[in-house]
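A.B. asks: Following this message is one structure expressed as structure tokens.
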Amino acid sequence: MRHKRHAKSIHLLVSPKTRDKTPTVQLPAKPQQEQEQLRSSCLRRRTPNLHSGFISDFFIMRLSLVSQHLLMFISVLSLITAQTSSPPPTTPPATTTTSATTTLAALPNDPCYNYTVLDDLRRATSNQLQSSYYGQYTSKLLCDQNVNWVGWYRLFIRGQSVQMPDTCVNQLSCGTHAPLWLNGVHPRIEDGVVTRSVCGHWNNNCCGFQSNPIKVKACPGGYYVYEFVRAVNCYLAYCADVRNITLNNDTGTPEPTLAAPAIFYPFGSAAGDANNTAVEDGSSSVIQLSSPFLFFGRTYRQIYVNNNGYLTFNQASNEYVPYSFPTEGSQDIIAGLWTDLDNRLRGVVSYRQYSSGNVLTRATQDINTHFPYLTFTASWVFVATWNKVAYYALTSTETSFQVVLISGRNFSFILMNYGDIAVTGHPVQAGYDTANSTEYFVIPGSINGSSISNLRNSSNVNVPGRWAFRVDGGSESNKAPAIFYPFGSAAGDTRNSAVEDGNSPVIQLLDPFLFFGRTYRQIYVNNNRHLTFNQASSEYTPYLFPSNRSQDVIAGLWTDLDNRVKGVVSYQQYTSGNVLTNATRDINTYFPNLNFNASWVFVATWNKVAYFNSTSTFLQETSFQVVLISGGNYSFILMNYGDIAVTGHPVQAGYDTINSTHYFVIPGSNSGSFISNLRIYSNVDVPGRWVFRVDSEPGNNILKSPEIFYPFGSSEDTRNTAVDDGGSSVIQLSSPFLFFGRTYRQIYVNNNGHLTFTQPSSQYVPYSFPANGNQDIIAGLWTDLDNRERGVISYRQYTSGNVLTHATQDINTHFPNLTFTASWVFVATWDKVAYFSLTNTETSFQVVLISGRNYSFILMNYGDIAVTGHPVQAGYDTANTMEYFVIPGSINGSSISNLRNSSNVNVPGRWAFRVDSGSKSHKEYIIGLQAKLSSFSDLTDTGNLQTVLQQIKQELVKYGLPNVELTLRKAGYDTANSTEYFVIPGSINGSSISNLRNSSNVNVPGRWAFRVDGGLESNKETTTTPEPTTTLAETTTPEPTATLAETTTLATTSAITTNVPTTTPLAETTAVTPETTTRVETSTTGITPPAPTTLSETTTSTTIVSTTTATTTPWTAPEIFYPFGAAVGDANVLETGSETSKFVTFSNPFTYFGRKYNSTYVNNNGLITFNQPLPEAHPPYPFPTYGNEDYIAPLWTDLDDLGIGRCWYQQYTNGSVLTRATQDINQYFPGRGFSASWVFVVTWDYVLTWDMNVFNNHSGPAITFQAVLISGDGFSFILMHYGDCAGEQYAAQAGYDTIGSTDYYQIHHNPNNGSSIPILKTTTNVDVPGRWAFLVNNGSEIVIGVQMKLRSFSDLTQSGNIELVLHQIKQELINHGVSSNFELKLRKVKKTQS
């Protein structure tokens, strides 16, 4: 059990079958024989062969970590998420099995709106048990003494609201021995909360048991809530009275019956299947195979299809609790979905073999598609199908899947096909396992009953719902990278056990290994990717190096791995042979002066190991090696990286020693979104390999200073004293230095990496530039350095010689039009200086001051820069910040190691600046600036925009321009008093302004045209709909493909046009993104309507209202609006102004993302809710809310319809409105032959915002919009219509959201104000301006593929920007009708040359 995942306790739903003992039973007085018989029946338990120790019914297991790891199990009922509402009763989903209590903020103390739904068919009064349940099968009985009741509960049966019986109930009903009923009448609403006694019928006595009293309350809508408490004994359970409802499969409006998924092979009676007997935990009889089946080296001629979702070969199995793979057991198992299924009341388990015909043809095609290099021909197929089978004790659930065995020649395959899979609290397992678990696989997410519904969307072969495996024992595995040392069974490796957070036993080393002065003769290989010496480690969260801890650690890639799901961790030692030869050659290549000879090698390999809790569509596999090599007195580590999947887990790669006297972090390895790059990076020019010498002090590995460094370290240099936060004494300059108009004749070299002129500085925390301080500062790398234990700080001046020649050449190279000659050079060097408290770190850099005539320059040269957590700053700043510069990336200690590769003069590690800012005669004026940026930052983001503007400003400053201000200008026009105005759609939203180049109102991308003379045409509303223009995504629906989006980001060139010739492009001051191609893949369900038109595609010009006359033009609703108002018989939400919402009972149920509603609330603030009204003053939540309410928000803002505005609504079940709805839906969602049977139209007509305060006339602008709910044929849709919408000052939200935000869409959101809502009338996703259409029932059609060509200029090498783009793609798909229950994953593809 995985205690560590939960800080306090763990709640897990487990199988509803008794596994262990129950509390002692207290029985009322009765004949001794009956008493003993009842006690015996209460204590008797069915015990399975394995996995005993579980308790009956649905359990909540609460695990507390105590000294003995005591496990307390508490029995609980199947609870589902509350769906609260006012009259009539809300219908929650009947098949939900998760447990949650929903608390509504609006009425926090009212149990009518704060309850847990209890929907358990076993509690029905009609559930009469057989007499056999008196003395046996007690594992099936409910016992409410074992339930930890918390709060209030509302009773449902199959989604229908019911109440407790308040008359006597037959014993042995309600799923228990003594059913509990309410001994007293139910209260009325005005009674409030009352207390009622509870009786249990036993021994022909209606109150044979007097259980604990409970509280009851009557609620608006005709339902009751109960505060249940523990029953006094077992077996007593609360009853649900079903006498007033109909219990069959046709309650309410029937849900559409979904056809079997297209991926399913033929099954059922029509296919000639043989059916398993409907027996709990049963199986087929032995099935003789018509063709032998090869399963990982073993040939089988028989098989068993077990009712509980799995196949076995040697014997049938009635196990209903799945083993956890790998089991290291004695049998081979194929688990389509191994869990506690029950085909007695619902569903069919069937099977058939084929040796000819269409099924073999199909199998041949499938295998050749999924395994294209085999040229396979199927000769035999076995299909086992579990069709709409219920879970045990959850008879309303339906789960469908198939296991298909295919063979031909020497090849064998398994296909697992998944249809609708209901969530469950039972233990589950899907995959396969072999005897001794030499081969096994666990489908990601299949061990969690709350997520297994995703199986229908997951795949390892790009076919949603299908998983395919080759199982004959042949290998199609990708070859390990060439840099890997031999590993695996072929190399004789020893394997670690497949245990979560496990490790090897202690491994005695055949040769001692020297690790930074400590000699070790043993080692542990830990499953979570790290090696330790003194003790094993189960840590799954890596320490951050340096950790300053008490052990030595070698972390190949320390993170939370799980070799139970997939992959092998193995190790081997070598003292002779080819491996030693290879090691010798490798080390001598990387350390050529050592003349090394390897005598011992230790290879630890993590091969295709999965991350813990991996649930992605494609299993994330990670492969790497740690190789320890020793010989003589030398010790080395090689870290070899293969495919490394990205992860959200904490990660760390490198090494660390006791007290962190030595450590190394591989750059980027502490970011899970970056680690896939480990296979291409290196410190020895071998992609994927990192090499370290680790025997002793790193002095033997001293690298020469970079070639860009000026001479330093000779006896002529002056050294700073090794004092913490110290510095040089005042240094008199042999030549004055001009620094932005001020001439200095002295300087101080401060130990903490910066130069000052007027006084020394002991500051170890740098100011953030611009500091607006009172001194000039040059910061090579200002941070908390410490030269007391490591490193030297020195300086020297030059007025003649080679250094001046060198400086002259450099300046003329970097500033080629100056014809410069250096007359003085000052070199300050920080050589291998440590950070404070991090004495093993080394950081090297230089600041070089150069002058000649009236010119002054600074060179900053960077060598190896260690990462640090200290504040850092590199650049310069002047008094009052008249001039300043910050080297990009230098304010982040985690990225400053990149300084050695960065530059503004195309010389890696060097930054050059002209800093004299001399007289005007020497200034070079920039007449104009033209820049084509190669920055892929999202310039629609304010923060990124400011960063780029700052970089441009610094570039200008570099070329001598004094302080400048760079500002933005809004696009559009406005008039005095705003009698006429127009805002280009999207131009006030930084996230969409990049689309301006593609938008237009005259069908010319990038052009907007307006007539502004005030003529008659200005008063007309002109609407044209051109061909769709290209925006963020050009969306087409091609032939079926598994690729949803292919995103290509191309680096562009950049240049600065100025009268100062320069070789320094602007691109060198910004992050240039290499050319990459990213493929986004997903599989999901939904409908694909026509491509959307977004804000930047709008071609509707805004109506300009004339104010030259007091006469107003009569307002007419847009043609897209459905009929509304008093003329068509609409009801009015607000008649008196005292209401804030209206409760409406539906004439037909409306299914909204899987939840069926019979009523709704129409809120005056532009919002439709289902479970509760919303307070009038409540501001809109930003979607997604991740809350407990379903929202339909055509325009949620602060509206006020007192006076002229009205909110109308009406339902239709026949007539022209249904005809129109049918036409509209078939136009936007073609190919389904949809027919509307019900339409609900809600219109907010000429409503005002509260602040407009105009109640009696139309003199002010108003807001008009509509929401149309449409249902029929099992499908549900929403249309949102927008007419004239005035801008206003309150937050506004348009779109929809669901409980938990499992599905949501945001048309518009502005948390500050609604100034941009006027453009809603021009936006659309169905090519009809002002209309948005959505499928909202979770339709069954499958989107095979969508291709998108993105025009995003976001930096897709940044995980945050990637997530933003993925989010935009996801919303596009949701807009097309796709459910939001899917994940978008990235797969890197090889760059191709154009």
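Glycine residues also receive a Cβ, built from the backbone N, Cα and C atoms like all the rest.
In TrEMBL, annotation is done automatically, which means it is predicted and not curated.
What you are looking at is a predicted structure, and each value in this text was computed from that prediction instead of being measured.
Grabbed the feature section from TrEMBL, which reads as follows:
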COMPBIAS  1021-1038  compositional bias 'Low complexity'
DOMAIN    336-474  domain 'NIDO'
DOMAIN    556-697  domain 'NIDO'
DOMAIN    780-918  domain 'NIDO'
DOMAIN    1194-1339  domain 'NIDO'
REGION    1-35  region 'Disordered'
REGION    1013-1038  region 'Disordered'
REGION    1070-1102  region 'Disordered'
A.B. asks: Using DSSP, how many residues of the domain 'NIDO' (556-697) fall into helix, strand and coil, respectively?
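C.D. replies: Output for the domain 'NIDO' (556-697) reads 21 helix, 59 strand, 62 coil.
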A.B. asks: Do you know the mean pLDDT across the domain 'NIDO' (1194-1339)?
C.D. replies: 83
A.B. asks: Could you give me three numbers for the domain 'NIDO' (336-474), the DSSP helix, strand and coil residue counts?
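C.D. replies: Going through the domain 'NIDO' (336-474) residue by residue, I get 22 helix, 60 strand, 57 coil.
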A.B. asks: Do you know the DSSP helix, strand and coil residue counts for the domain 'NIDO' (1194-1339)?
C.D. replies: 25 helix, 66 strand, 55 coil
A.B. asks: Per DSSP, what is the residue tally for the domain 'NIDO' (780-918) in helix, strand and coil?
C.D. replies: 22 helix, 60 strand, 57 coil
